[in-house]
Amino acid sequence: MSSNTDPNGMKVVVGMSGGVDSSVTALLLKQQGFDVTGLFMKNWEDDDDDEYCSTRQDLVDVASVCDVIGIDLEVVNFSAEYKDRVFADFLREYEAGRTPNPDVLCNSEIKFRCFLDHAMALGADRIATGHYAQVREWANDGRSEYQLLKAEDGTKDQSYFLYRLNQAQLAKTLFPLGALYKRDVRRIAAEAGLHVAEKKDSTGICFIGERPFREFLMRYLPMRPGEIRNLDDGRVIGEHQGLMYHTIGQRKGLHIGGIKGRQDGAGEHDAWYVAGKDVKANVLYAVQGHEHPALLKTRLSATDLHWIAGRDPHTHWVYTAKPRYRTPDMPCEIEALVDGGAEIVFAEPQWALTPGQSVVVYESKVCLGGGVIA
């Protein structure tokens, strides 16, 4: 916690989702002496009566937790902002044949922009969320600078999803769970009598929830069947129902098992994987074998760059990067920074680099920022 976060008289608004992480966040801040208010954000309302929508139960859980902790609860609807700033981009990316990560945009545009602005209007000094990450304030050339650091619990670290935050946002943000492990968070919740102590963590994209992804996407984007071709020789080996349903490295759902990858039958029992898309021709390309060269690349181009410190990192400097969440940090160099883009070269081949996903760059535990894989 930064040196300028003396709890005496400081008002903190906590973004609460109904889960154990945000609940313990509010509890810890209250115990530390902050003036805490809980805030529940409703960011999606197209499916209020849908069997997959948990918003109503989540709000009930938040209200119960706030009652136990003894804090006030505010409810705000950001559904219009979410559709305009996050969901519209999500659909555009899928139409363009890419695989977006809406959680990154949701954080920068909704949770740390709309929510932050709303909290400040309520008179807050800081906001807090249940993200597993850390903020560090340090003096750089006589001025304060804020760094985003990985969480102590490496299995739960969420800095990857927060790489688009800026200095102003980090300066107003607290991450009380950054130094804790998940097991400790659940223990704290149980000891405090919070009924969400063992509540299952939410999974999947926030507005899709647990519903089948294809079923959800079909409501907004029309199916457009086309050919599946073998990338190696161009042969038609199947049919897809829409490029948007497939991502690079995908194995399941191609329905082309048993087809020989090569005319000579070599490797005919290897699984097929998505290796590329031709959006204009509506063709999906597949290759046979997990280690096929088309799935292994040492270089990527990134666009829409954002650097947390507000300045470019060094080129030809050894960093690490995550080309997707849940992958280990991989040694890399930023080879060039040109026209708002970057060329990133990894020390070892990376499997299934996916256009639309984020590549996030680190220097040790410090998240420097990143961009979108082109």
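For all residues, glycine too, the Cβ spot is worked out from N, Cα and C.
For reference, Swiss-Prot has these:
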type     : residues                                                              : note
ACT_SITE : Cys106                                                                : active site, nucleophile
ACT_SITE : Cys206                                                                : active site, cysteine persulfide intermediate
BINDING  : Gly15, Met16, Ser17, Gly18, Gly19, Val20, Asp21, Ser22, Met41, Gly130 : ATP binding site
SITE     : His131                                                                : site 'Interaction with tRNA'
SITE     : Gln357                                                                : site 'Interaction with tRNA'
(message) Using DSSP and collapsing to three states, where does Gln357 (site 'Interaction with tRNA') fall: helix, strand or coil?
(response) coil
(message) Between all pairs in Gly15, Met16, Ser17, Gly18, Gly19, Val20, Asp21, Ser22, Met41, Gly130 (listed as ATP binders), what's the biggest Cα distance, rounded to the nearest Å?
(response) 16
(request) Using Gln357 (site 'Interaction with tRNA') as the reference point, find which of the recorded positions Ser17, Gly19, Met41, Cys106 has the shortest Cα-to-Cα distance to it. (result) Cys106
(message) I'm trying to understand the geometry here, so how far is the Cα atom of the residue listed as 'active site, nucleophile' from the Cα atom of Met41 (ATP binding site), in Å to the nearest whole number?
(response) 12
(request) State the count of C-beta atoms found within 10 angstroms of the C-beta of Gly15 (ATP binding site), not counting that atom itself. (result) 23
(request) Tell me the Cβ neighbour count for the residue listed as 'active site, nucleophile', meaning other Cβ atoms within 10 Å of its Cβ, over all protein chains shown. (result) 24
(request) Compare the C-alpha of His131 (site 'Interaction with tRNA') with the C-alpha of each of the binding-site residues Gly15, Ser17, Gly19, Asp21, Met41, and give the closest one. (result) Asp21
(request) Taking the Cβ of Asp21 (ATP binding site) as the centre, count every other Cβ atom within 10 Å, in any protein chain shown. (result) 25
